[in-house]
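Novice: A single structure is presented below for examination.
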Amino acid sequence: MTRITSIALRRVLDSRGNATVEADVLTESGGFGRAAAPSGASTGEYEAVERPPSEAIAAAREHAVPRLEGLYAGDQREVDAALRAADGTEDFSAIGANSAVAISMAAAKAAADVIGAPLYQHLGGAFRGENFPVPLGNVIGGGEHAADATDIQEFLAAPVGAPSVSEAVFANAAVHAAAASILADRGVPAAKGDEGALAPSISDAEAFEVMAEATDRVAEEVGFSIRFGLDMAGAELYDADADAYVYGEETRSPDEQVEYVAGLIEEYDLAYVEDPLDEDDYDRFATLTERVGDRTLICGDDLFVTNVDRLEEGIDVGAANSILIKPNQIGTLSQAFDAVELATRNGYDSVISHRSGETEDTTIAHLAVATDAPYIKTGTVGGERTAKLNELIRIADGAV
Ligand SMILES: O=C(O)[C@@H](CO)OP(=O)(O)O
Ligand SMILES: [Mg+2]
């Protein structure tokens, strides 16, 4: 165990061209860790607060760094408790969840460096599971991530039958390529959204057709099952004044939304549906999970925001059967681990996730392996996405 001697914070670019916070943590024995905060576009109302990077950095330098210097980098809980104490609020609105998560992740990497272990090993321990997560890959998308594209935010390939993480990663890339070629055959131009997904100006109904064809085609080629799923980002579709989900010209009442999603799951055998409803509608989440939870993952992202209190509430009413885990939604690795643990104890599957604004940071690949998470959602193509996917391949290959 060695003590933290210094922490450096700076602004670096994220994949949208915005500034984000990067942290370097150095220990007395020379252990070094560097990590950068990601950033969401379709952020949940109950997420920890991201401050403008310059302000977050100034506040963290003043309040957090002096408390952290001298602590043991390897004692993650102590580091994260010090971050919380330095902040003093419930939602990291003082030092910013962006500074907090960058420091929390960089401390973990410095501690791994001190003992010469890969990050997943340091975080997961010697007796972590042998499993690798199934990558959910964003193939077609719109919503808050691309203008003039689908209303549903993400259509995700789910290579559930892949024999290895590497085959799964390549299958998702092949589905992305197949969807691009199907769109080209239909004469539809497709730019890319924030996460590298194709962002054609088509209806959701057409996107379902393209996804079904692309996943079938690639499944046939590779010889294992590839299903698909959605992130509906329900809170973005929901208009509280109208009490309705708005899809362009069309609207659906909350009860119609439940029927619509259940119908889609039936028609397309969807493996996964994230945020089918608004982030406050625990009851309809529960109604839907009761109906389809035996064959589909109903995942809470904006619903749970990686927060154990919100997850507890969801568990009590049976609101879902899986949770999206985004460390920057809650601000520290310890709290992200707590959410995974609570989920696992209650039979909820964890999906470790990127944000739409990302950097080349690969921490979430290690987090997924360390926690034995059954799924990871981290895009399909694009450098900041492939950074994580390639890291997963290297971890599986024992090359990290
Ligand atoms: O809604 C989501 O799940 C994420 C990542 O795909 O998007 P954002 O980072 O914009 O919240
Ligand atoms: Mg989401």
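Even glycines carry a Cβ here, placed using N, Cα and C.
Note that this is a predicted model, so its numbers are computed, not measured.
According to TrEMBL, the active site, proton donor annotation covers Glu195. The annotation active site, proton acceptor is assigned in TrEMBL to Lys326. According to TrEMBL, the substrate binding site annotation covers His145, Glu154, Glu274, Asp301, Ser353, His354, Arg355, Ser356, Lys377. Per TrEMBL, (2R)-2-phosphoglycerate binding site is recorded for Gln153, Lys326, Arg355, Ser356, Lys377. The Mg(2+) binding site annotation in TrEMBL covers Asp231, Glu274, Asp301. The domain 'Enolase N-terminal' annotation in TrEMBL covers 4-123. Marked as domain 'Enolase C-terminal TIM barrel' by TrEMBL: 129-400. Feature annotation from TrEMBL assigns region 'Disordered' to 32-51.
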Novice: Determine the C-alpha span of the substrate site listed in the record, that is the greatest distance between any two of His145, Glu154, Glu274, Asp301, Ser353, His354, Arg355, Ser356, Lys377, in Å to the nearest whole number.
Specialist: 16
Novice: Compute all pairwise C-alpha distances among Gln153, Lys326, Arg355, Ser356, Lys377, the residues listed as binding (2R)-2-phosphoglycerate, and give the largest one in whole angstrom.
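Specialist: Across Gln153, Lys326, Arg355, Ser356, Lys377, the widest Cα separation comes out at 17 Å.
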Novice: Taking only C-alpha atoms and a 10 A limit, tell me which of Glu195, Asp231, Asp301, Lys326 are near His145 (substrate binding site). These are the recorded positions.
Specialist: Glu195
Novice: Sequence gap of 6 or more, Cβ distance under 8 Å: name the residues on the same chain that satisfy this around Glu195 (active site, proton donor), in order along the sequence.
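Specialist: Listed in sequence order, they are Asn138, Gly141, His145, Glu154, His354, Ser356, Glu358, Gly379, Gly382, Arg385.
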Novice: Determine, for the Mg(2+) site, the additional residues of the same chain whose CB lies within 8 Å of the mean position of the CB atoms of Asp231, Glu274, Asp301; present them in sequence order.
Specialist: Gln153, Glu154, Leu230, Met232, Ala233, Val273, Asp275, Cys299, Gly300, Asp302, Leu324, Ser353, Lys377
Novice: So of all those recorded positions, Gln153, Asp231, Lys326, which one's Cα sits nearest to Glu274 (substrate binding site)?
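Specialist: Nearest by Cα distance to Glu274 (substrate binding site): Asp231.
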Novice: Which has the fewest other Cβ atoms within 10 Å: His145, Lys377, the binding-site residues listed?
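Specialist: Counting other Cβ atoms within 10 Å of each of the binding-site residues His145, Lys377 gives the minimum at His145.
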Novice: Going by DSSP, is Arg355 (substrate binding site) sitting in a helix, a strand, or coil?
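Specialist: In the DSSP reduction, Arg355 (substrate binding site) maps to coil.
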Novice: If you measure from the CA of Gln153 ((2R)-2-phosphoglycerate binding site) out to 10 Å, which recorded positions from the list Asp231, Lys326, Ser353, Arg355, Lys377 are inside that radius?
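Specialist: Near Gln153 ((2R)-2-phosphoglycerate binding site) by Cα: Asp231.
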Novice: In whole Å, how far is Asp301 (Mg(2+) binding site) from Lys377 (substrate binding site) when you measure between their Cα atoms?
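Specialist: Cα to Cα, Lys377 (substrate binding site) and Asp301 (Mg(2+) binding site) are separated by 12 Å.
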Novice: Are any of the recorded positions Glu195, Glu274, Arg355, Ser356 near ligand 2, with a Cβ under 6 Å from it, and if so which?
Specialist: Glu274
Novice: Can you list the residues of the same chain, besides Gln153, Lys326, Arg355, Ser356, Lys377, whose Cβ falls within 8 Å of the (2R)-2-phosphoglycerate site's Cβ centroid?
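Specialist: Everything else in range on the chain: Gly40, Ser42, Glu154, Glu195, Asp231, Asp301, Leu324, Ser353, His354.
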Novice: Mind giving me a neighbour count for Gln153 ((2R)-2-phosphoglycerate binding site)? Other Cβ atoms within 10 Å of its Cβ, every protein chain shown.
Specialist: 29
Novice: List which of the binding-site residues Asp231, Asp301, Arg355 have their Cα within 10 Å of the Cα of the residue listed as 'active site, proton acceptor', in sequence order.
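Specialist: Within 10 Å Cα-Cα: Asp301, Arg355.
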